[in-house]
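A short worksheet on the structure shown next.
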Protein chains: 2
Amino acid sequence: MRAVGLITEYNPLHNGHRYHLQQAKQLSGADCTVAVMSGNWLQRGEPAILDKWTRAQLALQAGVDLVVELPVFYATQPAHLFARGGVEILGALGVDSLVFGAEHPELDFERLTTALAEHTAAFKHYNATYATQFNAALKAATGVTLTHANDMLSFCYYVANQRLAHPMTLIPIQRQHADHGEAAITDTHFASGTAVRKAAFAQQWDELAGVVPASTLHQLRTQRLQRWDDFWPLLQYQLLTASIAQSGSYDQMAEGLEYRMHEMAQTATDFDDFIHQVKSKRYTYTRLQRVATAALLQLTQTEVQRAQTQNYVRVLGFNTTGQAYLHQVKKTLSLPLYTKINKDLRLHALSLDYRAGRVYQLINGASQDLYRKPWRLDESFG
Amino acid sequence: MRAVGLITEYNPLHNGHRYHLQQAKQLSGADCTVAVMSGNWLQRGEPAILDKWTRAQLALQAGVDLVVELPVFYATQPAHLFARGGVEILGALGVDSLVFGAEHPELDFERLTTALAEHTAAFKHYNATYATQFNAALKAATGVTLTHANDMLSFCYYVANQRLAHPMTLIPIQRQHADHGEAAITDTHFASGTAVRKAAFAQQWDELAGVVPASTLHQLRTQRLQRWDDFWPLLQYQLLTASIAQSGSYDQMAEGLEYRMHEMAQTATDFDDFIHQVKSKRYTYTRLQRVATAALLQLTQTEVQRAQTQNYVRVLGFNTTGQAYLHQVKKTLSLPLYTKINKDLRLHALSLDYRAGRVYQLINGASQDLYRKPWRLDESFG
């Protein structure tokens, strides 16, 4: 059995994601689809609108065969680390190909990757703080600037894929229809994630019915929906009580930013107000939201970096095909496989995901790790 | 002008406190009464039912001439440190005498203090963790055990008073009527603080009318009343996200207790449930509540101990007499005098009180430091 991989957030799963899945099957000719999906905290530094279990269930209902979780220490990171985490997991699962959307799939990502790899000195500066600087290095090496989010992410998949012992076949596809940032539903079949979330909070069920599967619509209508403002009282409290040194230790906190965050937390009235007050030319909103996520979860740079060296395959759900595939690759897995949590995992290997889920649970109310086991589509949904 | 001091919590001010104040004036023959009052967090490790400004106002209305705040790093401490903080402030203010209630005012506290002072080795072990052990040392030295809370506290006043350059005259008086721990209002004029708070949360205004001044009743009826459960979501969040090392650094955290608190925070449903689950023979409820307070406010042992070496006089309010007294002693004050907060004080000298008030404000909604200035009774209340 051959598998195709997708690296996803499904926040929440909409028609664009179904198109992506269908393309992945068609272009790869694979027998099994594997989605690595962010858990309860996302790459843009925000809580998922629906929890990871609900989103995994929706993925299975949409036809994904196996859903595994992208750990929080990769999911809430800048593109190159987000990509690395996802590619590592797919690589460990022996996936043959990876299909992903790009604004410009015609770009010769292979050539760009090779050209940049030769500029190893510049490449070493590639981290969260210096993403712009990195793009400059790319431009110097290749003449190309990647200004679109998914072109950049696509490039990161190529870089990450080169690190694998057995690289996957990479298949970029054209991103269709709605832009990532489009805030309103303007099409009857497709809408951006932003537009879908906005409509869900506004309870515009009729508009949503056209752009998300029925199962997503049902979950949006019946589950508690999470957003940053739900967690703002906790974040504010944290920033008001943590020492400057402690805040300075949080992941992705830039030099001096902890003072600014402490100060703005004194008077900010909600999360948006807070982020707007902290915003300066130096930092993007996304970066600030990721730092806020690290502060909320008290994720320190030290523990995140340590965790990144100990990636794993955490199974959230599968159908019969996914189960057969998992069985096929189990013996050759190059990363630990976790299907259920126990006290040892909660305190050690899975501690950061557990913490991230436990905070999410404070608002969402549903256990995110304890007493949970992977969905089995054929049993759960008959 | 001569002054008499009282060390108080006024949580909230009731008829027993009025009796105490009246006795203090009468027995000391002083011209001015000075109350050192805990701020928003109290000696038993709990939030005050009314904020410090409201309680200071009530004290002035009851006839106290000058109200100063006992800083949080003394207010939320075991008896000997609570006593030391209060006595230091009164000493700095040149107060002549201190009047306080004891279950057995007839005890020869002077003799006990002297006898124990001679057992300096035992005395050096006197800290939060070894209060019981200390009582054993007292018994060995004097044959006396202080089993009543206010006898113990009275004794601590004697010990603290000996440290002053000019010790005050200490005047223990018999505690009247309601026991500290009495949970129901059983008398028509006096009730314990516990009974008063319970009745206030139950909105038993008729019962309360007999045992608290009209001004207290009015505030209880109109202000937001705080209790531990209000802060429980924040404490739980803190314990769920802080590292074990971080929790271990909180003030009064005993060896190993941080593990127990982390574990119980996973499943506890409210503050009482949490404390009951954490409780063991080794720790008293009061101790556990104080640790919980330190955890909530993220007060580390290091910063508390440092702050205790830098005590100050923070004025919350005065009437004409109190103002004249303050003017009289201003030049000879042996501790810094603060009447208003500014950015420097907020970040440094008053940072722990500011933090304690800022967290309290998250629930109570009223600014506790910024934009506040001492009450002046004659202006404020005409």
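Backbone N, Cα and C atoms are what each Cβ position is placed from, and that goes for glycine too.
What you see is a predicted model, and the numbers here were worked out from it, not measured in a lab.
Annotated features in TrEMBL:
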BINDING   A:7-20, A:Gly101, A:Asn150, A:Arg175  ATP binding site
Query raised in the report: According to DSSP, which kind of secondary structure is A:Tyr10 (ATP binding site) found in, if we only use helix, strand and coil?
Result: coil
Report summary line: Note: in the chain of A:Tyr19 (ATP binding site), residues six or more apart in sequence with C-beta under 8 angstroms of its C-beta are A:Gln176, A:Phe190
Query raised in the report: Taking the binding-site residues one at a time (A:Ile7, A:Leu13), which has its Cβ surrounded by the most other Cβ atoms within 10 Å?
Result: A:Leu13
Requested in this report: Find, among the binding-site residues listed as A:Tyr10, A:Gly16, A:Asn150, the one whose Cβ has the highest number of other Cβ atoms within 10 Å in the structure shown.
Outcome: A:Tyr10
